[in-house]
């Protein structure tokens, strides 16, 4: 059954005050599907639907909700209920939920948790939300490197860890510093008297508590790991970040880059209230308005040329838009390269030269076709040459600024995606108008 059909069913039961029926429908679904249902419901019905869920399912659901639906639910449930949900979560998930509460509610939830769990969550809350320490899980399975395989297996049986704690069994030394990891197949296939050290695999990299979450996700992705140890300044293992958390980080970072490229706030979603969406988008629109007026001012400098060669107006948007498209293509490749660590200080200039060459070649290809169209349109070969050359110039500039803007923002310690798309299109509009009208002015006597 499709999500829309289930939402309609849930709404009918809500209106009929048939709470038990709502619970029956939702509890038969996977938590991810329940998330989709609750997010699709009107805000006023989300809490009622959420309250029909058993605690263990509710805990799986609440950690996956988008910010706006999550805020709606958290403001309508009491701290005791939140603490009950937190008991069913991993420490990093509980910390994420508790961090969004008002200080007084946060204190009440923490006081209601068992002492050990409360201490773990408090420790995680000390770290920035987007750091390795902020997203790590303090619950992991570790064994001493000097153990035999038999002793290690006996220890695992006694401790009975959760399934997701057994992706890797972390190997540590006497100082609790990670030296490697083993998998369950490694333990099953090894000789019982072999030492753990002899069968363990080394981690290609570890991350520190203060490392940015983007670096953590990059390490897991680069080395195809299922998890990575998080260590403190002394190298002592404090937690792990697993592949599911890394996927969440990559999705979050990609979403943030897409939104910021367009000048939207990184926290905005389809569930953001209208007023807040307007408030978050207006600043960049005002900046864009100023730059657009400047671009329009460039057109105003060439009124005589426009009145003499009216046909040129037809091709002005073509030149501007093609430059913007070329710049956006380069921008996407550049931001991806910066995010994955492919674009570094060492290879930046070679990449700039490559993109400049790509811009010129694209300009020649597109310019030739557009020049031919202009010639067929007006019958003036000089008009075709003016438009073709202006396209070469603008696609060249678009490719350059598509690299330079995000690289410059990164050097300034700012997010390279920060409204880069707004700046690229504004610059290419201005350069496109100036190049086509400037060239038309130079060759005006051949265009009349």
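Each residue, glycine too, has its Cβ placed from N, Cα and C.
According to TrEMBL, the domain 'CBS' annotation covers 136-198.
Annotation comment: TrEMBL describes 284-302 (among others) as transmembrane segment.
Annotation comment: TrEMBL describes 356-377 (among others) as transmembrane segment.
Annotation comment: TrEMBL describes 383-405 (among others) as transmembrane segment.
Annotation source TrEMBL lists transmembrane segment at 417-444 (among others).
Each residue in the domain 'CBS' (136-198) has a pLDDT score, and their mean in this model is 91. Listed by sequence, the residues of this chain that lie at least six past the ends of the transmembrane segment (417-444) yet keep a Cβ under 8 A from its Cβ atoms are 256-258, 260-263, 284, 287-288, 291-292, 294-295, 298-299, 301-302, 305-306, 308-309, 312, 315-316, 319-324, 326-328, 331, 335, 382, 385-387, 389-390, 393-394, 397-398, 401-402, 405-406, 409. By the Cβ criterion (under 8 Å, sequence separation of 6 or more), the transmembrane segment (356-377) is in contact with the transmembrane segment (383-405), since 3+ such pairs are found.
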